[in-house]
Amino acid sequence: MVRPGAEMPNAHPGSFPVYRAERFGEVICTLGESPVWDPSSDTVTWVDSARSRVHQIHIASGAVKAFEFPLSISAIAQTSEGQFVASTSRGFATITIQEDDARISFGIGPHLATGWRMNDGACDRQGRYWSGSMAPDTSAPDGWATMFSLEGPRGVMERGGRYRTQNGLAWSSSGRTMYVSDSHRTNPHVMAYDFDCDSGEVSNGRLFADQTGLLGGRPDGAAMDADDCYWIAASDTGRLLRLTPEGKVDAAIELDVPNPTNLCFLGPNLDTVFITTLKPGGTGPGGNIYIAKIPYQGQIAPLFAGASQLEFPNTELGLRLPDDICVNPKPAE
């Protein structure tokens, strides 16, 4: 067996190193997304957006727990108060998890049309939470979505943009460059924008990477490392790609399933990558979580600031699931 993070010989001779990711634990999702590492508890929390679930795993022990909620959740980020801010089918929300109890508060907006939902989400360096909307039919003539931000005490701000399937949100270390992808099959690509840290205004959009630059992949979730390189889950290729600030691939992580969806960095040196995946159609290979050790240092995702300054009018409880309900079934003896 190749150890996690081991460089794969002859994978891309003379091109760039490729590191191996290995399956971690037995949790299985239909559409794993948006992993967040909390260094204070050494836990990673992520969502199964296809099943309205939030999972949490303790890295050292492997202990897992999961909650199911009455609305779809597609992305999360940690708040400075220890909660999570979330993108949902009812707009922005906050999620609180305490031992075996969880609750979700929502209703602040944006107020989406029937069938619409929020998709990928992440915080900028100033603590605003950003997320794009998503149509029920992303290929429809009116299926173009837009971007929103949430901040306290200003609340929800519409930020514009034009996306079919918004993904890949990340910011450079300075906060002055914003990256966002569109993973729709008609034109998968990543854009870079100038970003005004004070106002949150976005300008000067330019192509950062197209599907050729992504080696045939569709760009899904993303994260930045300490070298200001952009790591992107290249769906359909079974790889995560490391793109330099110039948009060139200089390293990759390879999985044994085709559809990685998102990632975060963890560990004392932030040199371990936690990866979520998709199980196509709910039956194909994938859905597990993976880890890889790499010779690069990542960054901890920025926290959402201002949750205590916002009022969410509706609250629902999450259902604590049995510990074995979300794991791979054991083979029959």
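Heads up, the Cβ atoms here are built off N, Cα and C, so glycines get one too.
Bear in mind that the values here come from a model prediction, so they are computed numbers and not experimental data.
Binding of divalent metal cation is annotated in TrEMBL for N167, D220; the matching candidate from E33, E68, E316 at the same site is E33. Of the chain residues outside the substrate site list R117, N119, D137, G115, W116, S133, M134, A135, P136, T138, A145, T165 have their Cβ within 8 Å of the site's Cβ mean position. Proximity of E33 (divalent metal cation binding site) to non-local residues of its own chain (separation of 6 or more, Cβ distance below 8 Å) is seen for W46, V47, D48, S49, S74, A75, D120, G221, T261, N262, T276, given in sequence order.
Close to the recorded divalent metal cation site, the chain also has S34, N119, D120, G168, S183, G221, A233, S235, T261, N262: residues not among E33, N167, D220 whose Cβ is within 8 Å of the site's Cβ mean position. Shown are the recorded positions D137, D220; the one with the most C-beta atoms within 10 angstroms of its own C-beta is D220.
For D220 (active site, proton donor/acceptor), the nearest of the binding-site residues R117, N119, D137, N167 in terms of C-alpha separation is N167.
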